[in-house]
Structure formats: structure tokens, C-alpha cells
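Here is what Swiss-Prot records for this protein:
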TRANSMEM  1-21  transmembrane segment
TRANSMEM  40-60  transmembrane segment
TRANSMEM  83-103  transmembrane segment
TRANSMEM  111-131  transmembrane segment
TRANSMEM  144-164  transmembrane segment
TRANSMEM  189-209  transmembrane segment
TRANSMEM  219-239  transmembrane segment
TRANSMEM  245-265  transmembrane segment
Amino acid sequence: MTLFHLILVAAIQGLTEFLPVSSSGHLVLLPALTGQPDQGLAIDVAVHVGSLLAVILYFWSDVRIAATGSLRLARGKVDTQGAFLALCLIIATIPVMIAGLIIKLTGLDEMMRSVAVIGWTMLGFGLVLYWADRTGASTRTASGWTLKDAFLMGLAQILSLIPGTSRSGITITAARRLGYEREGAAKLAMLMSIPTIIASGAVLGADVIGEADWQMARDGALAAALAFVSALLALALMMRLLKSVSFTPYVVYRVILGLILLVYAYS
């Protein structure tokens, strides 16, 4: 794997992981459209680790509260803000973990990795995000997250297993329709990403254990560092822009890219 390809993969993963434009969709498109070889599972794991560290750092205060609360939750107590947040995150993660396992065991994940699928999901779910963002009530904040909403957002997150959907995009869409204001919707989507990335990274990591060598470790470390920096910058920029800008720019990007991909796929 060339240095340029490595930098490109890490930058794409970092910049698109938390924006509602689908990182997995872009990574699938990279080899399909450029002729570059697939980056491999080891690099996938590395860029996931970099993205994970970025979101943990950005939302460290919330992560610390949830981590502390999880200790009380483990003792069967949901009597603190942290314990309740930890419970919500668990409930939000269970649906996608079950669905992801089923898809992996049945081989559906490989069947969905096509330019046409990504084109349709980019376009379709981009329009759904626009609808939800325009019609959402914006009367609720992230601090008002409920177990019911966590479960509903978790169900929506299942759709992110289809390349091109965008995990953050579909969970933000669900949150906006549930009445959460834009910053709150994005924050909840980002917090939900932490256990999801950990779970998917663990699954990918299990497939590469024992295959690592010095070159793979070096490439992985560089990819993780680059993904961390680009993800942190993208996350900070999005959260800042959401104070005054809607999700429409991301929708426009998704629609344009989706149409281009559909023309490419069917021509």
C-alpha cells in the first residue's frame, strides 16, 4: 500500500466518519472508482481506532460521565445521570449489533458493497435527512434523551449497515424527527458512535489477529494518527457550524454524489 493511498484512506475515513455523508460508502467507492486495491482489514481497524479516539476526546466530559455511570449500572443501579446515559447508549447499540452479526453471517455485507447501492442510499437517505431537518420540532436537547428515543435511534442505526447510508446521518435524521435540536441530535449521534465503533472495530480486529507484521503495524499507526486528526477537525467544524447552519449543505453533497454514482453505475 503506497503512502499516498494510505493518507487518502485515512483522510477520507476521518473527514467523513462523523459527517452525515457515509464514511463506509466513500471507502467502498475508493477502490471501485480509482482502481486502487482495497485497503484491507488492518487499515480499516486502524482508521476506526483513530476516529474513535477523536470522538472520545471531543466529547470527553460526556464520555467520562457515562463511563463512571456504567460502573453503577453494572451493579444494577440507574440512579445517576451517568448510569442513565450508559443505559441509553447500551439500548441504542444492541439493535445494530444484532443486525450486523446477522448480515455478516449471511454474507449480505459483501452483496451490498456496490456503486449502485451507495448511489441510491446517498440520494435517498440524503433527502430523508432534509425532510427530517426541515420538519423536526427542535424543542428538545440532548440532556432530555429517553430510553424510548435511544431504542428508536438504535433501530434507525441498523440502516447504516447499508453502505452509503451514513451512521451519523441516519441517527441524526431519527433524532431530528423526534424533536431534538440540531446540536443535540448531532451530539447524541456522536455519543452513539462510540460503542458502535468499538464493536465494529473488535469484529474487524478479530479477523486480523495473528496476521500483523512490522509494516502493517507501521501503516496502521500512521493511518490511525491521520484519521484521528482529520476526524477531530471535521467533528469540531460540524458542531460549530450547526450553531447557525442546517444540514442542507450535507444533503446537497449527498444528492449530487448520489446522482453521479447512479449515472456511473448504470451507464
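Residue 1 is the first one shown; counting continues down the chain.
Any Cβ shown, glycine's included, is placed from N, Cα and C.
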Do any residues, 6 or more residues outside the transmembrane segment (1-21), come within under 8 Å Cβ-to-Cβ of it, and if so which ones? 27, 30, 36-37, 39-40, 43, 46-48, 50-51, 54-55, 122, 129, 166, 168-169, 172-173, 190, 193, 219, 222-235, 238, 247, 250, 253-254, 257
Under an 8 Å Cβ to Cβ limit, what residues of the same chain, 6 or more beyond the ends of the transmembrane segment (40-60), are close to it? 1, 6, 9-10, 13-14, 17-18, 23, 27, 187, 190-191, 193-194, 197-198, 200-201, 204-205, 207-208, 211-212, 216, 219-221, 223-229, 231-232, 235-236, 239
Best-packed against the transmembrane segment (144-164), counting Cβ pairs under 8 Å over 83-103, 111-131, 219-239, 245-265, is stretch 83-103
